[in-house]
Ligand SMILES: Cc1ncc(C[n+]2csc(CCOP(=O)(O)OP(=O)(O)O)c2C)c(N)n1
């Protein structure tokens, strides 16, 4: 055990205060008296006005003074402002204690059985009371019968999941067998139980969790965009969300994530008073203190105030009220304000006696304050985040607050109640071993009605159904509309228009007009937006790239969403494409925040479940800034079973020519292929794109399948072909034979030789060119347009799995069938790394040489022709590969370009 540090090591000196020493105490006292009498006579509003007035005067006189952002280290809500606690304190505390026990037992049992399973106790120990006040008084469930409250959205701190399961057990939503299979999602079902996910995962527990939070930072940013999306739905008259709130409980360590911070000003700018964050400030993260040498709560207070949030600090429990009331000269609040978090953690880990000696022993004033308290009482002094009354007062104030989002900085102890075993310990985050004495101490600390043997056996405890505690538990939830968390999926299907109504130009192209697939996409989107049923459900999302993708015409057509309309006359007013912001605007223009834009996409793509109203988001972006930039957010999106389209525009490493290394995407199809519910396509022609869009919309909106689509589109203009008969199904399965080029020359001559060329996206044009050249050279060439490498690979893998499992499976992999009908060696070329076409190698028929060409390496800026030559994916390189594979030797290198 460390020896206590000398006081000067962890208290700051009053040197700063001395620098501002009072030159005229008499005058100071007159000003103070004047202010206090104003406050007494005319109240706080007038006092605030006067301070503002003085501030204005000071600014006009260029006196460099700003009010300090932070406030003293005390509760924001004064005792006299505290709303009365409406619940039964004793029952709520005893229920909370039972949940703490069951959560602890669940983690310890899992680890006793299988030491490798892991699990956490200390985070929930600190968050339990924060959750319970929400569950008993604030978190509304969705009334699916209609008419009632449409439900709040609650984000739970991930490592506290055991506590949420423990509550669901008492509520009868999970049973003992489920709790016995915590973190055993494969074993559980074999034993007639649900395996409980480690963290909130809607994919794995689709009727339970709504929002995945296990990856730090994703919960915070998602909660902001969900709150904003609720405003969007309300302003557009689609769903009235005006009574609903988003609550998020997050960690103080988690606040360091860029995602946690990046949208704070958006929440304030949008006045999201439907959003409440509760930051569980237990002052610890995984390795140690969040800010050992300063105070995270001070830092967060200033940060959130600066960003425009309403900040409520809930630092000290009710048993401190008496101490503060007797703190006449501010000794207590000074001492607290001078204690850095590392030391505060040490105080949390030590007993009452230590705290008397080392905290209250700092000076005579503090000693006097503690005189009436026993060591045990000092030990039990609660931090604000463990006092149901204080938490309730903060939540009530937050729920009432208008015009701003609120953050509650709740001071807690990590491992609260874990005693010697873990409270405030450096190692507490992953602590999951308790000896018998620790468990007995835990039982006594929380007054649990368990015998020694029950404690020893880590028995779960549930009071009888008709006990006052259980009746209270259910009554509270009934009052709030039902149980939480709960994920619903019942949304009405949305009719999708016939493809011909918006995509005829693509399916019947006569090849006379050149265009890019991005242009084709935008044209179809514009037409879909006009459809009476589907149009209003579409949510176009951009991150400051609408003009890049030729979408400026949509600004006027459907408007850009703005919660305040348009308060300025746009510079381009009167032009046919003018910049139009409107309260019922449809486009979400997220500015330069891919993390924000994808979070908006998730909010819209999960609206069918979160709001019972299906929406169809299209987020269109530079494909390089998708999976690579916000891959973890897309992974978390997949966990939520989203339905919508991600459009990776200007994709490929040579097609977006001039932009160079950082913009050229050669890998997004690799990432997309790893996400099981993501269907990824790389169409070359507008007609292929149309077929894919049509199928995707039907799959997601009509059949209501839990899939989402990733489609790459390009900015290269070329002529487009019409949709051939009977290829739609093959387009969706991943590829079809686009053309067969017979060899020039006499039958039986060179024409006997042939090759098969595969290409996707914009590189298909090079493949087609190569096929023509080869045919002219007397080599027959079949061209396959590959629309989805990953769908082909998945189909192949499913055949293999069936084979390995000894299941009879009809036929062969789809790609094997396509290639069986073709000739010669197979050459594949794409604008992506070679691993993309390599993904189907296992399904190429035996004896068939398979050569892949791709854009491995760093991108460059130059013309498309130069880049394709550089990466060896142009027609020349494809012809060369064909010749080499046919044993005709390498083609002489082309003459250098001028
Ligand atoms: C993106 C990401 N990085 C790292 C982790 C690993 N991790 C899990 S919990 C944790 C510490 C959390 O600290 P805090 O937010 O303060 O919550 P507490 O458990 O202390 O309440 C870390 C680093 C993670 N889950 N996600």
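Each residue, glycine too, has its Cβ placed from N, Cα and C.
Taken from TrEMBL, the feature region 'Disordered' applies to 1-25.
Close to residue 252 (Mg(2+) binding site) in the fold, though at least 6 residues off in sequence, lie 279, 280, 281, 282, 283, 285, 290, 296, 297, 300, each with a CB less than 8 Å from its CB. The Mg(2+) binding site annotation in TrEMBL covers 252, 282, 284.
Taken from TrEMBL, the feature domain 'Pyruvate dehydrogenase E1 component middle' applies to 505-720. Per-residue confidence over the domain 'Pyruvate dehydrogenase E1 component middle' (505-720) averages 96 (mean pLDDT, predicted model).
As annotated by TrEMBL, domain 'Transketolase-like C-terminal' applies to 751-874.
Around residue 284 (Mg(2+) binding site), the same-chain residues six or more apart in sequence whose CB sits under 8 Å from its CB are 253, 290, 345, 414, 424, 426, 428, 429, listed in sequence order. Look at the domain 'Transketolase-like C-terminal' (751-874): DSSP puts its residues at 56 helix, 21 strand, 47 coil.
Secondary structure at residue 252 (Mg(2+) binding site), as computed by DSSP, is coil. Shown in sequence order, 126, 251, 253, 280, 281, 283, 285, 289, 290, 296, 412, 414 are the same-chain residues outside 252, 282, 284 whose Cβ sits within 8 Å of the Cβ centre of the Mg(2+) site.
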